[in-house]
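Here's what TrEMBL has on this protein:
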type	residues	note
BINDING	7, 9, 94, 207	divalent metal cation 1 binding site
BINDING	132, 157	divalent metal cation 2 binding site
């Protein structure tokens, strides 16, 4: 049984020094690929570094819609383009829109402008884009309609949107990725929404080190002994849908999600869609392989 973690953050400063052990443990458990998403100009080089050390890592570069939009430098877009030119295997992410408690601190017009520019890059490069969306699905759909469709695909990461919007997003090329956050949704709502997702459009992710699965927490894998390298102590990460910018030095380490926990997500989602875990693992693995199998030689047809 092979699994593909469609969205995680192994470069997160809370776990960066543990990345080699986390990858090894996850690989031993059957996780063969990881899409690692950058969130700011400060961590793109770390994503690139991990991908160069581990062929199982697909690097993704993007500017997350929360505080990183405010903190971006005047040259952010050129820097981002340079990372894609230097890293032909890269996808786009994490990008998006956020009207949640943290997103409200960032001018939404500014968020939209930054998001559109990055979505245009994804379309131009014919690469998938991993999208964060909190309480802004109507805005997201409108923007995707104006720029789409997206034959290379977009990933609605940690999707917690409505069942009704699934067909419209799918028609534009969206894939729906599910993490431990799905366990926060009422089961009947989650089942109803999942029934609307075409089987060829479903993905699994951990969003590690966030989105720790809440079911059977006692048996979940946690990141132990994670320390913060001195050179990363100035970076704060807020990649999760409901997470805000935090002082990572005070973050409770025992709550950090391990990429091995994708097995927990697999079991939970499989129970809701009435598939065996083996069947769902195969479907989601093949979907992710198809999504991330783009030309990495720089030649765009």
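From the backbone N, Cα and C atoms, a Cβ is placed for every residue, glycine too.
Whatever TrEMBL says is automated annotation, not expert-curated.
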CA pair residue 9 (divalent metal cation 1 binding site) / residue 132 (divalent metal cation 2 binding site), Å rounded to integer, equals 13
Around the Cβ of residue 157 (divalent metal cation 2 binding site), other Cβ atoms found within 10 Å total 31
Cβ density check for residue 207 (divalent metal cation 1 binding site), other Cβ within 10 Å (all protein chains) comes to 31
Just counting, how many other CB atoms are there within 10 A of the CB of residue 132 (divalent metal cation 2 binding site)? 30
CB neighbours of residue 94 (divalent metal cation 1 binding site) within 10 A? 27
A correct count of other C-beta atoms within 10 Å of the C-beta of residue 9 (divalent metal cation 1 binding site) gives 30
